[in-house]
Amino acid sequence: MTKTVQDIRSTFLDFFADKGHQVVQSSSLVPDNDPTLMFANSGMVQFKNVFTGVETRPYNRATTAQKCVRAGGKHNDLDNVGYTARHHTFFEMMGNFSFGDYFKEDAIAFAWEVVTKRLDMPKDKLLVTVHSSDEEAAAIWRKVAGFSDSKILRINTNDNFWMMGDTGPCGPCSEIFYDQGDKLAGGPPGSADQDGDRFLEFWNLVFMQYEQEPDGNGGHIRKPLPKPSIDTGMGLERTTALVQGKFTNYDIDLLRAIIEHSADLTGVSPDGAMAPSHRVIADHLRASAFLIADGVMPSNEGRGYVLRRIMRRGMRHAHLLGARDPLMFRLLPTLVAKMGEAYPELKRAEALISETLKLEETRFKRTLDNGLKLLDEETADLQSGQALGGNVAFKLYDTFGFPLDLTQDALRARGIDVDLDGFNTAMEKQRAQARKNWAGSGDAKMDAVWFDLLDKVGPTEFLGYETEHAEAQVRTIVKDGAVVDAANVGDTVHILVNQTPFYAESGGQVGDTGVIRTAGGAEITVNDTRKMLGKLFVHVGTVKAGTLKNDDAVELVVDHDRRSAIRANHSATHLLHEALRRVLGNHVAQKGSLQTADRTRFDISHNAAITPEQIAEVERMVNEEIRANTPVVTRVMPIDDAMESGAMALFGEKYDDEVRVVSMGTVADGANKSYSVELCGGTHVKRTGDIGLLKIVSESAVSAGVRRVEAVTGAGALAYLNNQEKMLQAVADVLKAGPADVFERVRTLMDDRRRMENEMSNLRRQMATGGGAGASSGPDVKDIGGVKFTSRVLEGFPAKDLKPMVDDLKKKIGSGVITLIATDDGKASIVVGVTDDLTARVSAVDLVKTGVEVLGGKGGGGRPDMAQGGGPNADAANDAVNAIEQQLAS
């Protein structure tokens, strides 16, 4: 029976688990420990600090199936995807790692056993490379595999010396190749035709011996790592293709299922001329889905921009297949069915992924239609080998939002290039703006001092779930980034203790404040509590009295009133989250939150403004749960059990093996869980009634597809409502009406105002067009070159009334040109009208530009029959009229 992708993934992990390796979950695609990376692009990313010796783990052997994306930055495979047999934006990297435990011999022996005994690859099809300087590895291969020297190829290029980037861990490596037979072109690695398809590399064993660092002179130096380690990476898709006897990765069971689904929906064969489009869609669907599941949303900058490029490239290929309605979201169930078991986050985020894909494709359709139409027009006369002008490519990008790579991709099949120099010249002014590629917007670098302290003092024990008061011992004092022995009055310091009731900022909940005291009279005001490395609770405060020293016994007291307000807001957020999902739909997912003592701020994935009626229903649901006054129950359980119980997790959040599950609210008839069940490490009320009341105070857009809801609770909600009532009463007093009558009174006043404004506007127009008060002196109509011309300079006249007045004058004179200028507060607005019978001879746009220039303005525009503009020099109004007359006469 042919092994599937799932079989091979499990075989690999089970093998190394049997060899004493800890099976570690894939890290998020968004690295949390390396600001130099846009996305996780290899299995070792989550272990980088372990390899460099600044972090320790409770295990020294690990194995993973790591999600990887290469699309942007140094590692960018996007342009090749779909057109080659093996390029992907998303792929899985199987890996085994040794942190100072075993080294080359075991790494080679393990790999050989997996390949030949677990995956049953024929030995005569295998060969390996080693770095030319690594005779040790060559000798081990001879011993373990029985290879002759002809099967061990020595390479002295960078292909066999692995580096993560310009800096970081590195070392010689040994690659395992599979000979696919002479039916394919290509020579062995190191030969002139090594880039052919015959010899396929599928597993790289990196012997991590060095760390590369800048030398301060523009070069680099390599230092030995504290302990030699092992980092291996086996491409799951490549390996599966070899095991299944497929030439291309896109024919393996996982990707073929998506491709065939795409073919079914579009009616286009999965093979032949359109095969690249099906492949692009299958690959880009995987990348998009996993990025969204890890918290990345399409946007115009950073990671979100790369996601948008991937999504839109896939959508363009759906368009090529004839899909005129969103396609990619319809393929999502196939992907989830194939990969959801191995990656549960894909199942949890399925509704959000589907909604995001559908919305993005719907929005992009108009861009795509307009861009492709312009592209077809501009390239109609171009032949293969010619290039599209860079200015046209930039217009597509700047005006239509059509990325350069999409333009290149669309022209590829016709053999047409793009003038990149011309594009880059046009792009220069845009480089500082939103649409640019990655500009290092990763997370801040972790300070090595916290790694040192974590090893030295260990994690802080948190007592704050049970108490707001505790005694502890000072472990470390940090001032200005350095460890100190003591802190004196006026010093602002970071304090570590062995245990604390202070909650450290995380999960959107702000850190506690309060006071730390010693028996010797020292007193420190704690202004914030922060969490470093996920385990150290750091109290940030200022010494108000006495001297604080290392090892001092201290009393820690949390600000009770502030903590109470924060936990009420946090618990209310859980109820709010569930209510929003019930009212708006299951696609709603938390995209960010902030719980302070004053209010809760909650960002969600939703693609439209939340209506007042929806807000009212959400408030009703939440306050109903608050009034029910049910207990808030917290349980600690394994993450897998928590997910099976139906607890909601946050997309992109990294959880420990054991998690806190917070349940609150009523249990509906027939339901097996409370109203809200979420994974959460924050502090919460004991009963929902402790929240008191929730009132939503605002709803707004944060970015495309993300809405922000702000609310207040308890005393804050009461204060908000009291303030609203005071304002209503103040308005009622001014109107000399009761609060209940304010609405009708204001509506009547607004109706009266609109009526009077219309009457005044009509009177002004009648006076102006009839030459009455307010109009300039001079003849009403002139004959200039056989064209009737009338003009007015109107002081204090509303600019918005000029166009209707021009229309009136057109009717009065029948045929001619009208120029009106309104002046107010030193500025001037100008409108020029030309009757339809004259627009072939006279353009209102040309005339208005002349007037605008005299008025000191710039531009001006409109239609041949009506144009407008303005300028800052009202004193030049009559000069502007004269200039227009002269232009008309010429």
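Just so it is clear, glycine is given a Cβ too, placed from its N, Cα and C backbone atoms.
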- request: Write down the single range among 178-197, 858-877 that appears in TrEMBL as region 'Disordered'.
  value: 858-877
Query: So what's near the region 'Disordered' (858-877) in sequence-distant terms, Cβ-Cβ under 8 Å and 6+ beyond its ends?
result: 793, 799, 802-803, 806, 821, 823-836, 839, 843-845, 847-849, 851-852
Field: Residues close to Zn(2+) site centre defined by H570, H574, C680, H684, Cβ within 8 Å
entry: R567, S571, T573, V632, V662, M664, E678, G682, T683
- request: Write out how many residues of the region 'Disordered' (858-877) are helix, how many strand and how many coil, based on DSSP.
  value: 4 helix, 9 strand, 7 coil
Message: Is it possible to get the count of other C-beta atoms within 10 angstroms of the C-beta of H574 (Zn(2+) binding site)?
response: 26
Cβ neighbour count within 10 Å of H570 (Zn(2+) binding site): 26
